[in-house]
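Down below is the structure, laid out as structure tokens.
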Amino acid sequence: MDVTIQHPWFKRALGPFYPSRLFDQFFGEGLFEYDLLPFLSSTISPYYRQSLFRTVLDSGISELMTHMWFVMHQPHAGNPKNNPIKVRSDRDKFVIFLDVKHFSPEDLTVKVLEDFVEIHGKHNERQDDHGYISREFHRRYRLPSNVDQSALSCSLSADGMLTFSGPKVQSGLDAGHSERAIPVSREEKPSSAPSS
């Protein structure tokens, strides 16, 4: 059985010209006449034509506009203080703030590989309000060349904000590049991540 993979904005981008099948599984959109009988309309009568208005409605434009409206009206859209990731590189310190509120320190792995820090989080399937869910993410950030890799630290605040930080050294000193794991410590107080 072949599976059609498409971007969700353009599920019906070509309207009636798109070779749609009932098994494409566009749940929640309703069925259109060409979903049930794609070739029947032209085989019954050669004079049958679908209305232009119906073609425009089915073409995906209305879906695109609806999707854009929902994206623009989400509370986090365009609001930098609700951004879950923040990377800051000051003169004397490099800091990464990452929102990982669905993970415990045991679910997180932080490693330094040469000039990169890799943060991986995974928890097995567990029950939440809507059913069962499992989550996994993998982030990779390039460390500035002057970060002292022997003094890197990582902590998880009570509100689920992971803070990875490391001091910078003067340009004449060697920062040291090796692979090592960074333990994640738990803090009892909420994060003091900047809101801008």
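Each residue, glycine too, has its Cβ placed from N, Cα and C.
What Swiss-Prot records for this protein:
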- Met1: N-acetylmethionine (MOD_RES)
- Gln6: deamidated glutamine (MOD_RES)
- Ser45: phosphoserine (MOD_RES)
- Gln50: deamidated glutamine (MOD_RES)
- Lys93: N6-acetyllysine (MOD_RES)
- Lys122: N6-acetyllysine (MOD_RES)
- His123, Glu125: Zn(2+) 1 binding site (BINDING)
- Asn124: deamidated asparagine (MOD_RES)
- His130: Zn(2+) 2 binding site (BINDING)
- Ser145: phosphoserine (MOD_RES)
- Asn146: deamidated asparagine (MOD_RES)
- 168-196: region 'Disordered' (REGION)
- Gln170: deamidated glutamine (MOD_RES)
- His177: Zn(2+) 3 binding site (BINDING)
- Ser185: O-linked glycosylation site (CARBOHYD)
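This view paints the features noted in Swiss-Prot onto the structure.
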residue : record                      : Cβ neighbours (10 Å)
Lys93   : N6-acetyllysine             : 12
Lys122  : N6-acetyllysine             : 13
His123  : Zn(2+) 1 binding site       : 15
Asn124  : deamidated asparagine       : 9
Glu125  : Zn(2+) 1 binding site       : 9
His130  : Zn(2+) 2 binding site       : 6
Ser145  : phosphoserine               : 11
Asn146  : deamidated asparagine       : 18
Gln170  : deamidated glutamine        : 7
Ser185  : O-linked glycosylation site : 11
Tell me the Cα distance separating Gln170 (deamidated glutamine) from Ser145 (phosphoserine), rounded to the nearest angstrom.
11
I need the nearest neighbour of Ser185 (O-linked glycosylation site) among the binding-site residues His123, Glu125, His130, using C-alpha distances.
His123
To the nearest whole angstrom, state the Cα distance for the pair Lys122 (N6-acetyllysine) and His130 (Zn(2+) 2 binding site).
19
Measuring Cα to Cα, how many Å separate His123 (Zn(2+) 1 binding site) from the residue listed as 'Zn(2+) 2 binding site'?
17
Cα of Asn146 (deamidated asparagine) to Cα of Gln170 (deamidated glutamine): how many Å, rounded?
7
Between the recorded positions Asn124, Glu125, His130, Gln170, which lies closest to Lys93 (N6-acetyllysine), Cα to Cα?
Gln170
Whole-number Å only: compute the distance from the Cα of Gln170 (deamidated glutamine) to the Cα of Asn124 (deamidated asparagine).
43
Pop the Cα-Cα gap between Asn124 (deamidated asparagine) and His130 (Zn(2+) 2 binding site) into the table, whole Å please.
16
